[in-house]
Structure formats: structure tokens, C-alpha cells
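Trainee: Here it is, the structure, as C-alpha cells.
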């Protein structure tokens, strides 16, 4: 056998060899069975030598380090949707520069997929209003809040124009610091921002709540001034006389809700749909405590976006008030406006952990991680379900639950005017609803009738 | 074919292909044993046809199997589906059903090679002490998400219909035509740096693409990875338990195996035909 091996090697020496002979490569010099036998023999010897060499070369190769052991994932912000107002914070979308890659192009109307917004600071809270955006960081630096987008009602504060120092910008195209009249700007932290149609609220940890923007209906928590001009206004109002500390702020279209650490809710603003929940349909211009069914109940979360409001109690009960023209409160009343918080006795939704309101719909998340929707519009259960007065559960398989991944749960839900978004415990984002001007960010401009995984 | 019918040898069965064995040799051996078994019953048998699960994807695998046999044998072990007699037609149907396959893939962090496997030419070595199971599972979730999206894209469904919604609820959306490799599920079974074990459920795959997934995972982790082992654990309805070992390649075992698998194969083909007809008939997908 050894001699046969030698013969084979001898035969091969004459042939120019680029690499050792390996099984599968036929040499038609010898008959079938002999080839098989010799092939095995050749492989063993040749392979071990090249293997040794390869192993030695590998051990000598340098090791590259791309990230250190303690590398932490950087937070990132992405924006998408309608960009004409500058709300996305990328100036080149609205004003392609005269030179550079976007020269000569028209302004981009819609950004259909998420686009990275570079911010140096660590942003902890964002809020989208009607054509404007606020970003805030919990830093103790002077600059804590940035705003971009529409500023015709000074909802982003006053941004001095560089061309004319006496004027302010009506449109802010990139994240610009919002000047805040804080007593101790280097100690106070901004915890949360909220945006409505034309006003904004900023929640601080020790200086109360600041409000800016349109106050035609008292939504900024100060008295309505007849014929007040809101554009290029420097006015930032501070609200501090709450019983307790405010822990959450939400803005409806033209009203504001405040939740204190005692579990009490305050409201102010437009009330024609009863969205202030104070028992009347008038304007309220100072934050007033809300009673009704939530008086005495410890509320842990409030939600609103349009003219309909929801509140979640510590026990997992749900309360609603405001507009009910779209069956939001049809389960308890035929009236189209409800001006006092009322308990919503939905059975089958379990213990409510979080609620979110759209313009014409409502959604709740229970403690098992299931999402229930009701109201009118694209609710997320296909084109056939366009309205329902009672909550319907969205099948958890649509959020990625399967035999492969049995522990997927929804951890957070959010609503736009006619859109929904859900975040799962796996860190995946699902969106559905009407895709107005690409606001879903799915790359298409069509409506999405069931939860769609926002992956890129 | 008379004796064939009498012996009930029509249908599909799975065999276990040990690593390093060329699939052609396996097929020839099984054919030889079948013929021997039939001949021993002293009946006249015409020429048998045993066909492999032929498909373009298998074609490229064929080429790779040759490569694999050259290298470390541990690289691929498979359960392969063979068809006998009238089962050959079933093979075509099964292929057109576009069922998913399960693989366990073993990866090794810290190395990048040119063919994404352990035996290729070394390109780069990197550190991997920053890699944690959480980072890995986040990347796997991103991979799965983008492939799920691609599945819907390639399935050419109109997402605005109620049928599309119902199929999405049942997890049935998948392409019934040619498409690039699609991963329907991926998760990490074990993580012990530098080694990790992934379970991948995919369709229209090749071994090269699976190894490439491991390589890309390494890149996303800001390190590098190579694939050390690819093992098919399920092919449509056939799992590893159904696969016959080398010692069991005789006519009796093959018969029993065909009979056991027949009802499952039929059920799966029925369901797939309903889906392929674009019928709005929600049916459940079997996950075996």
C-alpha cells in the first residue's frame, strides 16, 4: 500500500499542482477502484501538512478589536413622515442646499422610511405635534429641550432669526435649543415633553410644568387674552399650583391633562366635547382638578390625542371622557359627548396596564401584553373591522408570537391621529393605521390594515 | 412495477446522511439495498428508480457537498428525503409546496474566512469579549424581522385584503414561487463564547447562504464569525426521528417508514395546494 502511494505521488509530481489533491477531483489516469483507495491515502498525508501550516498561520494572524469589552449601544433617533414643515429636523429635506449632493432637487415632501437624526445629547423624551417636534434630555446642562418644525404659534418657543435679530423663525428646520425661563437652569431636569395642535408642555422635576404656544382656549393654563398674537412670542407660562408633584403631562388637540403623584388628574383648555372632564362644555384656562368617576381613584396614566381621553387606575380599571362620535364611549352611553369621567366596564380585557387614544379610536394594553382596540377607522384587524364599540384583541401572532418565539409580549402602545404603534419586549416596533403622508414609515404610502413589523 | 406495488414501496421516506458521505453514494447504496431486498423475495423486479429530491437549491448543495467531503467531515449531516416508485411524483409536489426546513447551525466567533466556514482561508481575526447574549438576540430579531418583511413582499399578496390579514394571523404568508433565501425563524439555543448554536427555520436556502448568515451575524456584532456545522433537522414534514440510519436501510424499514410518513405528506400537500390556489381558505401551517 505504501508503495502504491509512492507511485501515485510520483505520477503527480510531473503535473503542476496548485493545491493538494482532494476527493471529488477526478484524475482519469488510473482505473476506478484504485483511484478511490489512493485518493484516501493521498488526502490524509497532504491534508495534515497543509492543516498544520494553516493552523500556524492562523495563530500568527493579528487580532483586530472593533469595540471594547464595555461597549454600550448608542441611543439613536429616527424621524419619518411629512417633512415640509421641517418637523423631521433635517434641513436638506426642506431646503436642498445650492451645492452638495442634493443640489437642484425639489424639497422632499415625505420621508417614507426612518431617517437618522444626529443628536449629540442623550434624548429621553420626544413628542410630535401637528407639524412640529420637541426633543428633551434629562441633562443638567443649560440646553435641555430642542424643537423643530412649525413655529407660527411659538409652540417651539422663540427662535431668534439670524437675518433679522428682532424677528423669530416661523419654521425651524433643525433641532434648535428652546429657551426656558428656569430659576435654576443648571439643576432642574426636564422629564417629559408633550405636544398638541399648536401648544406644548414641558415637565420639569422641581419647577412645575411650562407651557408655550397657542392659548386661544386656555390650553396653556393661563387666562385667554383677546386678540393675542402668538407668533414670535417669548411667553412661556409656568404652572406650579398642583396638589402634589406632576408626573405625567399629555396634550390633546386643544386641551391639556396633568397627572400628579397623588393619582389626581388636572385639565385645562377647550371643552366643547367635554374633553376637560370638568362637567361643562366651556373653556378652562387654569388647570383644574377632575372629578367624576376618577375622583378618589388613584390614576397611574392618562392618555389623549384628539378630543377623547382615557385614564388608567392603579387597579387596572379604565375611565373615559370627551368625544364619543366614533363609538369611543358607545359602550356606556349613546351621547356623543361625555364631559365627566366615566368608568368603562369592559370585560375580557383583563387588568389594563396602559391606554392610548387616537383621534377616533382607543387602545389598551393589558398586563398579559395583549392589545385591544375599539372605535372607528383602521383598527388593526384587517379591512373588515372598521368600527366597534367594544374592544377587540389583536391576535398576538401578528406581533411575532409563534411556536418559535412563545414569549413575545407587547410592552408599550402609542397612538397618532389615525395610526397605532406597538413596541414588543423583543424591541420590535409594529405600526398600523392610515398611512397619511408616509407617517407609518413602512416605505410604502398605502394604509396598513394589520400590525406591520417596522424592520430595516 | 408489480412487485413494487405488492411490497407497498411507493412514497417518501427520510434517511440520515452522515457527514462526509456523498449524497450520490448514499442514493446508490439505498437503491442497491432495496433491490437486494426485493430480489430476495424471489420476484421479478424491473429496473427501479430512486430519485433524489431534485431542485435547483439542492443542485447547488450538490456542489457543496463535494466541497464539504473534502473538508472536515463534521460540517454537514442531513436527513434527506428520497422517493420510491410513485413517490417520485410526490417529490415534485412537495418541492412545489415550498415548505420550510429546520437547521441547527453552529458558529464560532473571532474569525472571518473567505467561504464563511471553519476551513476556509483566514481573512481576519477579531476580539469577541464584548458580545453578550442580549446583543446576539437583538441581531437575530432584526434578521428575522427583515426576512419576515421579505416573505410578504415575495408572496405577492395584496396586503389590503381581509384574506391577507387572516393569513398573516395564522402565519401562513410565504412565497409560493422562486425567491431568495427566507428565514422564517431564527433563535439562539446556546451561547458560550466563542461558540454559539442557532436554530434556523428557512426556505429556499443553500448551505452557502446559511454560512453567510453566520458571517453577517458576526459582522453585526462588530466582531466576526464562521460557521462550523450545518445540520438539517427537519425537511418539511420529515424530522430526524423519521430518518433511517445506515443499519436500517433495508426493504422492511423503508416500507414502514413510507407508510408512517404517508398521511403527513398527504395532509401537507393538501394544505399547500389550497394556499397555492390563492384561495381565501385559512388553514393552519404544521410546525413539526
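The backbone N, Cα and C atoms fix where each Cβ goes, glycine too.
Curation does not apply to TrEMBL; its annotations are automatic.
Okay, these came from TrEMBL:
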REPEAT    A:75-139  repeat 'RCC1'
DOMAIN    A:75-360  domain 'RCC1-like'
REPEAT    A:143-206  repeat 'RCC1'
REPEAT    A:207-262  repeat 'RCC1'
REPEAT    A:263-315  repeat 'RCC1'
REPEAT    A:316-368  repeat 'RCC1'
REPEAT    A:369-426  repeat 'RCC1'
Trainee: On average, what pLDDT score does this prediction assign to the repeat 'RCC1' (A:207-262)?
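Mentor: It averages 94.
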Trainee: Do you know the DSSP helix, strand and coil residue counts for the repeat 'RCC1' (A:75-139)?
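Mentor: Its residues fall into 4 helix, 26 strand, 35 coil.
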Trainee: List the helix, strand and coil residue totals of the repeat 'RCC1' (A:369-426) as derived from DSSP.
Mentor: 4 helix, 25 strand, 29 coil
